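Since the structure comes first, as structure tokens, the remarks are kept for the end.
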Amino acid sequence: MAGIQTISITPWLLSALVPITATDFLRLNYGPLNTIYIRVLGPLMRESEYHSFNGVIWYLIGAWFVLTAFPKDIGLMGILLLSWCDTTASTVGRAFGHYTPSLRKGKSLAGSAAAFAVGTVTAAVFWGWLAPRSGPFPGDHNFPFMFTGQIRLPGIIRHLLGLKETQTSIGGWLALSIWSIWTGFVASASEAVSFFSLDDNLTIPVFSGIGMWGFLKVFA
């Protein structure tokens, strides 16, 4: 067996976060240093980051949070949704956003629809194809997946309806389809919303993680 658990990655994320944040704090408070910083690393930055904190900081915080707070499959998917859905929404939104209604400043229906589609496909491929063909890895029994291929009605509803658990549970491709569609929805919603003007690198993985985790806490 080979590979590591996601919890082993989080210390490395923090070790990168501390010096990058410290450097940003210094450059934003010392003009000459910021000038040199932009001259060297400017091509890798957005113009909006020249005089504000680097997006890498928000990415590291978001990645650290989802890998620490959620089961490993939810954490990994949160990062994948940021990588794929945000890029897709931005690309499609710039190309076709003017043909569709605007959801808010800088966010179009075209971009959100693209994020939904890519999020749905990403989830289906990850849980339906990649995960079953990967591992096992050392420590899997201590860090299991949260989505196990089953979706069921909450016990309280099942009892109210007088149904057995087998009558209110689904698995296989149908469960995967519902779960993938929900994942695409939370990815699209997380990309479209604005929460105190926080960076997408933080809000997309965190809000997506909360949405996926919350769904499975109720229906799994």
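Glycine too: its Cβ is placed from the backbone N, Cα and C atoms.
What TrEMBL lists as transmembrane segment is 51-70 (among others). Here the transmembrane segment (51-70) has long-range neighbours at 6-7, 9-10, 13-14, 16-17, 20-21, 24, 28, 34, 45, 76, 78-79, 82, 146, 198-206, 209, 212-213, meaning same-chain residues at least 6 beyond its ends whose C-beta is under 8 angstroms from one of its own.
Tertiary proximity for the transmembrane segment (76-97) is limited to same-chain residues at least six positions away from its ends with a CB under 8 Å from its CB atoms, namely 6, 59, 62-63, 66-67, 70, 106-115, 117-119, 122-123, 126, 183, 187-188, 190-191, 200-201, 204-206, 208-209, 212. Annotation source TrEMBL lists transmembrane segment at 76-97 (among others).
Here TrEMBL flags 109-130 (among others) as transmembrane segment.
For 142-161 (among others), the entry in TrEMBL reads transmembrane segment.
Sequence-distant contacts of the transmembrane segment (173-196), counting only residues of its own chain at least 6 positions beyond either end whose CB sits under 8 Å from a CB of the stretch, comprise 77, 81, 85-86, 89, 103-104, 107, 111-113, 115-124, 127-128, 147, 149-151, 203-204, 206-208, 211-212, 215. According to TrEMBL, the feature transmembrane segment maps to 173-196 (among others).
For 202-219 (among others), the entry in TrEMBL reads transmembrane segment.
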